[in-house]
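In what follows, a single structure is set out as structure tokens and then discussed.
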Amino acid sequence: DLSPCLYFSGAILGRMETQECVHYNYNPNPAAIQENRGNRSGIETCAGEKDKRRHCFATWRNVSGIVEIVKQGCWLDDHNCYDSTECVEKKESPDVFFCCCEGNMCNEKFVYTPDNTQAVQSKFWTTFQVWEKSTSNPVTQKPPVFTTLMYSLVPIIGITAIILFSFWMYRHHKLAYPLVLVPTQDPGPMPPSPILGQKPLQLIEIKARGRFGCVWKAQLLNDYVAVKIFPIQDKQSWQNEYEIYNLSGMRHENLLHFLGAEKRGNNMDIELWLITAYHEKGSLTDYLKANVLSWSELCHIAQTTARGLAYLHEDIPGLKDGHKPAIAHRDIKSKNILLKSNLTACIADFGLAQRFEAGRSAGDTHGQVGTRRYMAPEVLEGAINFQRDSFLRIDMYALGLVLWELAARCKAADGPVDEYMLPFEEEIGQHPSLEDMQDVVVHKKMRPTLRECWQKHTGLTMLCETIEECWDHEAEARLSAGCVEERMVQMQRLNNITAPEEIVTVVTMVTNVDYPPKESSL
């Protein structure tokens, strides 16, 4: 291989005498440059001592691929320089490069080769001409053409690869999830709504925002209604809720009254609307934040909530409009329970609801859905038996937490009433992670605190027992919604006997009676 000869003067066998070296001294001081004491260069004659060897040296820096010489000149006796005819730096990535050699003007060229096995290759790319006899100043050469091309092409190739990979990922994800990323699929025309017809519907104000959309208060002629608006990418939730509302037997006093559905807009701007009755008092969460409850109010809200859930869970054949299947709500919480003007509860938001019909499988039902704070232990563990009763028991666990919220804001017991708190807010704050809930509910088996003062009130004592049987860790041990409703009726009667402060009429089970859309919710 003769390539080293392109850059070096060739080795001379035996000891090389060093009499002259390239001399250069870098001075960055502007004042010195003005006085002609700046960067100096030339040839230095090396003075030596008897029996001492003389060498040449060079020091330089590599600044963004450009060689910046610091110093060149004569070097005193140094065994590291013995018999080296080339000025080569071999240390790994030094801040300042240094090399020394023997032979006249051997420091005119210098090399950085950290890997001896690739010395020839390294010399080819890192050898720089730093001295020209035709000028009094050193010349800092630019890197070779190939290196320049590499510095230019590598970023371009890298950016191109990133763009191509991003485009491929976009196409792959687009094909896998067309409804989410390309929401152009038209849900088709809505079936005619006998209630809405061609009546004008005017949106007034946003009342709530949720996981799948927002809820507006709107005006339909002289009545207020609620309009739940879904973006097209949440079509699945809208579709599911629409289908649940349209099942046979879904008209019930304690279920939110459905009025109709509409599609608004075109192409990418499509919105999907669900129109329901409107209830001014809003959700149970909102009401409990602003109000404390008397015992009779607690009983009435708890009883009508349990009645609505019991009806939802029930499989009822032979209704005049067909067969009503059993339905699991799967997101029971105080935010999804609305209050009418007389504090009668009605259950809303069926976007995650699951119906169970003979010969129909649960399909691609996902087990771990709902609101983390209200998730039952088996949901948090991901250990759900995908059978009807398992889903109904999950609802009952959440109902137990709602009953606890009612008890915590009731003034029937002696002692102060605490400010409203969500279940487990005292234990893990307002924004628990799934891991937080698993630790508290599954591993530690904790539940919200039942206050000691509640045990001194006969009705609250019964309510606490009911709550504990609803949120039992063993799903099979939990009460049914119908059983909870019966207990609430008993507690209401107990109140009428012991403290008839305000009588709330106990309404017997209503199944499939149509009620005029006086007010509404959500």
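Note that Cβ sites are derived from N, Cα and C of the backbone, with glycine treated the same way.
Note that TrEMBL annotation is computational and uncurated.
C101 is paired in TrEMBL with C106, the candidate among C74, C106 named as its disulfide partner.
For C87, the disulfide partner named by TrEMBL from the candidate list C81, C99 is C99.
All chains included, 29 other C-beta atoms sit within 10 angstroms of the C-beta of C87 (disulfide bond).
Note: the Cα of C101 (disulfide bond) and the Cα of D331 (active site, proton acceptor) are spaced 81 Å from each other. Comparing D331 (active site, proton acceptor) with C106 (disulfide bond), their Cα atoms are 83 Å apart once rounded. Among the disulfide-bonded residues listed (C87, C99, C106), C99 has its Cα nearest to the Cα of K228 (ATP binding site). Put simply, C106 (disulfide bond) is 7 Å from C87 (disulfide bond) when counted between their Cα atoms.
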